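Some features that TrEMBL has for this protein:
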- B:23-52: transmembrane segment (TRANSMEM)
- B:84-297: domain 'ABC transmembrane type-1' (DOMAIN)
- B:88-109: transmembrane segment (TRANSMEM)
- B:121-142: transmembrane segment (TRANSMEM)
- B:177-195: transmembrane segment (TRANSMEM)
- B:279-305: transmembrane segment (TRANSMEM)
Amino acid sequence: MAPAASAQEVSGEISFAWWGAEARNRAILEVVAAFEEAHPGVKVLPQPTEFARHWDRVTVQAAAGQVPCIPMMQTRYQVRYENLGALLPLDDLIAEGKIDVSTIPEELIEGHRNADGNLYTLPIGLWFETYQYNWTRLEPTGVGEPQNDWTYEDYIEWARQARTELDEGVYPLSQLGTSITQFQMYAQARGEDLFDGVEPGFSEETLADWFRLWATASEERLAPDMAMSAEEPTATPQTYMAQGITLSRTGGDVTASELQAVLNELDGSVVHQAKSPNGNNPLVSGSHTLAISTNCANVDAAAAFIDFWLNDEPAAVRLQSQVGLVPSASLLEAQAADPNSPPTLVDRIEMYTDFADTYGVRIDVWPDNTQHLVNEFRDIYQQVGFGQSSPEDAASQFAEEVRRSLALN
Amino acid sequence: MSLSGPNKLARSAWLSDRARESIAAYVFLLPWLIGFVFITLGPILASLALSFTNFSGSLERMQWVGLDNYIRMFTSDRAYWGSVRVTLLYVFVSVPIMLAFALAVAVVLNRGLRFLGIYRTIFYLPSLLGTSVAIAVLWRYVFGQYGLINQLLGLFGIEGFSYIGDPRSALQTIMVLNVWTFGAPMVIFLAGLRQIPAQIYEAATLDGANAWQRFWSITLPSLSPLVLFNGVLSMIGGFQAFTQVYVISDGSGGPAGSTMFYTLLLYQRAFTQLQLGYASAMAWVLLLFIGVVTAVLFLSAKYWVHYGEGR
């Protein structure tokens, strides 16, 4: 194998676009600075923004053939840009040794391969869905901690018990009826899934049950009502759990650290996490990935940049998994052993390892033309929540939308 | 240096003064013309062509689809007619209210108040700020569940609700924001009011006309050209409204599609779903619709707009 890119002479400018909040931006900029120090001839032009704007921007850039040299991608969204021809296949760069992936498990790499046989992205941070709850406020209620093999029916029962012990205006659950990701967990617990080839992977009955479950949760004041939920900010530091309005929420494990940072400032509450409620099914995991755009004029420097992210131990430690858990087992160990790593990060690493051993891991890559279903799902559930549609009609409507979307592929 | 002798003769033989002036004018216009052709006209025509394709960002994969985008828009896009309904409601409710409010305030300010300049500035300010992201963010905090309005209501023991989170009130909240930006038409109305001769009012008063009769028979007809002008501009602005609803609904058009403006749906189809050909078709339908409504307004003008004697 040829020497890795980190050992090669590279120079010139490369643009790098990602999304994130303040803590992640700070950590990423530190890694960028470390890369520039290791490769003095390369200047990285950072283009940070927040999640939704990142995709809007990359979409426009893709249409114009001006995607930044290295766009951060995510497993749920990347297929669109791969199929569009906006990203460069990385297989040759790996074969030439410009990107060293030898420390990353092969099944993880293969999980990112496109149906056309090419590998367009490489994971730099894994995240997994968790159920997050405020243990400091939950403990005095005496209802106990959620368990890793729970389903959403178990959470509703748990919330009913917790509700009676909480102050007025505090809800045990967040309103999750609008979340397609959590519906995916619910469907998996019933042996179904979101997609099954060109058809929905769930039954309309399962979806209608999901809508009813959360309509009931609102009625019983276990979760905020639809109007409150509709105006809940999406950024983790402003969510209702961060404001103390709800006791729990769901999200990627990486957001738990952000949440903990906010609660540290607010009242010092401690956040605990359980596996997302899909029963005994494998942990649903996604990844933040790096790609090289087809319009990138400095591919060698871009390859060196990706290689640096995948293999540089000091950079990985400095990053503290702000983009997710590093995919290399040795770097993950180095992060866990680092005395500067915060306890929440060490917990996440242990949790991931434990869940992966117990339940297995499934990298969740969505088919093309399905990304907008996140918003469609939210809108359709809102119609149920506001009494504009019955659960059955809404379920039928959404299943039809899934079929229509998948038919475009 | 002046030209003389053979040079002067040669120049005269080639170009007349008028032609030289025309050339000079076009040379000065050239930067604008280049900009217009390549930055405005070119993309407009390109979007028309794209509206008949399935363009999704890749020219290699682009295919001609004829009228498919237009047919899909009218027959099978689940959100399309909802966005049309929301946009029409917004335009045809909030624009007349805004104009009426602007005219009423202008009439009050025209009564010779002291500190008129200060009032005019205060009322005009929202027009400058109203479509900004900052004000839209502020709107979220004012009309939210825990917003300023509900805190004030709470002082009187009244429990409010989330005005922007409830589909029964979300659109109205955005309409209020639009009405709040009445300053620009108000300034124009105020300028128009100052042009109406005082003698006409005096004569009407001597003839026994009361305040309402004077307003209805003198003020309103005299201002009708400005009503048309403000109406057309505000209506076009209303159809193109985007920033406020994008920020207030967090880009979702929610809750339950209640603030899904046409422009927001167009944006989602283009930049969230990458259906750029389809979004181009949507843009052209919007353009044509605005053109038709504007034409109707102008055609109706002969029945209600008074341009004075001789018109």
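Cβ coordinates are placed from backbone N, Cα and C, and glycine is handled just like the others.
What you are looking at is a predicted structure, and each value in this text was computed from that prediction instead of being measured.
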CB contact flag for the transmembrane segment (B:88-109) and the transmembrane segment (B:279-305), at least three pairs under 8 A:
no
Hey, which bits of the same chain come close to the transmembrane segment (B:23-52), Cβ under 8 Å, at least six residues off its ends?
15, 64-67, 69-70, 276-278, 280-281, 283-284
May I ask for the residues of the chain that lie six or more residues beyond the transmembrane segment (B:279-305) and have a Cβ under 8 Å from a Cβ within it?
47-48, 50-52, 55, 69-70, 73, 80, 224-225, 227-228, 231-232, 235-236, 239, 262-263, 265-267, 269-270
